[in-house]
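In TrEMBL this protein carries:
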type     : residues                                                             : note
BINDING  : 12-18, 40-42, R309, 335-337, 417-419                                 : GTP binding site
BINDING  : D13, E14, G15, K16, N38, A39, G40, H41, T134, R148, Q228, T243, R307 : IMP binding site
BINDING  : D13, G40                                                             : Mg(2+) binding site
ACT_SITE : D13                                                                  : active site, proton acceptor
ACT_SITE : H41                                                                  : active site, proton donor
ACT_SITE : K145                                                                 : active site
BINDING  : T303, V304, T305, G306, R307, K308, R309                             : substrate binding site
Amino acid sequence: MGNVAVIGSQWGDEGKGKIVDWLSSRADVVVRFQGGHNAGHTLVIDGVEYKLSLLPSGIVRGGKLSIIGNGVVVDPWHLLKEIDGIRAKGIEVNPANLMLAENATLILPVHQAADRALEAAREDAKAGSKIGTTGRGIGPAYEDKVARRAIRVCDLQHPEMLKEKIERLMLHHNALLKGLGADTIDPDKVYDDLMQISGSILQYAGVVWKRLEEARVKGERVLFEGAQGIMLDVDHGTYPYVTSSNTVSASAASGSGVGPRSVNYVLGITKAYTTRVGTGPFPTEQQNDVGEYMGQRGKEFGTVTGRKRRCGWFDAVLVRQAVKVGGIDGIALTKLDVLDGLDELKVCVGYELNGERIQHYPASQLHQAAVKPIYETLAGWKESTRGARSWADLPAAAVKYVRRIEELIEAPVTLLSTSPEREDTILMQDPFLAA
Ligand code: GDP
Ligand code: IMO
Ligand code: MG
């Protein structure tokens, strides 16, 4: 029995939070390894809704350790707010069940200012060209990390050095903000604000790679929790309409400090149709009654920004590609119940590009926008699948739909989710036993 990584296989919001919460009953440690509070994960447990952005979704189960790995960009003020929010719902959070990697990068208010100013500049340059980011400073924070000027959690221990680092960082950013016509930010204020919360943050700081090595030696089970989805991966997604981290399963290792062999099973979370928030190509998008039907039934509004999610048919070409580049072993298919009542269902099985049929999603921005989906039509079902807890409860047409998806994406459906509730989940194969 080994460790499992959970990743999104589309454009995010596939239902990762629900599945991680469900699987975490089998895990000892749950680790976030990339992204930041751009993620929005909704969990429903006995009718109570929990919304998480930065905290690992395992936090709502007692008796296990939640870790925020080095690959995550952490807004420290947001982290403290989220901890307060979840405590108010009766969940215990303390240094015994939450650890923050000492080498994680911090998101500062300047990153949010830069995020907003850069989006406005893109839109000014050409209407409709903004990425539609969550505005949470994710991109600018990752830029600083790669440029080797970021402030990290461990820097909070050294006030003198921190002050110097902030001054250097703000020299860079204030020049940029000025150039973009935005207000500059006083480095002294950034320093003072950070010093006010440094103690509250440092109490969670720890050496994550060492704790994970301990887990390996003790035979503890680790669940790696991805955010976003493969089509938002900075290399493999719909660049430049992506997020600024690698969302593929390989990041689980680098984003937490373990070797690649520590991830023994990759579970891809996949919605039974497709959604996307923000700008960018979406070949199977349905800007019509079908898209509205999916959006209404699936309550497709963003957790983080409240934006309406764009909806469309299942794209098997795109998910097959995600299965390959993400090394996905099995799929958790979610929100099948949303499709109840449709007369027929379409699934994209190939694209047409410049009069030719292709079987993969090309990298070129122009080609990604130009591909036309080729559909296969399957029968819908009238019965309700909502809340189904066994394969036998599903109508024959729904079973056929799932089986056809498995064939097309070349991966087995090992879990099926039929409502937002934790327990409305059908298990075909336990990922931890397969790991
Ligand atoms: P994540 O970002 O991948 O964790 O997904 P989100 O939480 O942003 O979005 C998924 C939404 O669908 C949440 O509101 C979940 O409560 C809900 N959800 C998850 N699984 C199911 C399901 O099988 N059926 C229905 N109807 N809703 C689901
Ligand atoms: P979860 O974990 C859906 C999208 C944004 C935007 C693009 C870049 O809930 O699945 P960013 O703020 O990251 O620079 O925005 O990525 N995006 C998401 N879309 N689900 C998410 O996370 C997302 N996180 C970022 O809408 O298009
Ligand atoms: Mg989400």
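Glycine is no exception: its Cβ is also placed from the backbone N, Cα and C atoms.
Computed from a predicted structure; not experimentally measured.
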At the Cα level, what's the spacing in Å between T42 (GTP binding site) and V304 (substrate binding site), rounded?
10
Looking at the binding-site residues K18, T305, R309, which has the shortest Cα distance to K145 (active site)?
T305
Nonlocal residues around L336 (GTP binding site), in sequence order (Cβ under 8 Å, 6 or more apart)
A272, T385, L394, A398, Y401, V402, L416, S417, T418
Using the structure shown, find which entry in R307, R309 (the binding-site residues) has the sparsest Cβ neighbourhood within 10 Å.
R307
Entries of D13, N38, T134, Q228 which, being binding-site residues, have CA atoms within 10 angstroms of T305 (substrate binding site)
N38, T134
Going by C-alpha distance, which of the binding-site residues G12, V304, G306, K308, R309 is nearest to G40 (IMP binding site)?
V304
An 8 Å radius from the center of the T303, V304, T305, G306, R307, K308, R309 Cβ atoms defines the neighbourhood of the substrate site; name the other residues of that chain inside it, in order.
G40, V277, F301, G302
Among the recorded positions listed as G12, D13, N38, H41, Q228, the Cα nearest the Cα of V304 (substrate binding site) belongs to N38
Nearest to G15 (GTP binding site) by Cα distance: which of the recorded positions N38, H41, Q228, R309 is it?
H41
Those binding-site residues among D13, G15, G40, T305, K308 lining ligand 3, judged by a Cβ under 6 Å from any of its atoms, are D13, G40
Using C-alpha positions only, work out which of the binding-site residues G12, K18, G306, K308 is nearest to T134 (IMP binding site).
G306
How far is it from R309 (substrate binding site) to D13 (IMP binding site), counting Cα to Cα, in Å?
9
Site extent for IMP (largest Cα pair distance over D13, E14, G15, K16, N38, A39, G40, H41, T134, R148, Q228, T243, R307, Å)
34
Residues among the binding-site residues D13, G40, T303, T305, G306, R307 that border ligand 1 - Cβ under 6 angstroms, in sequence order
D13, G40, T303
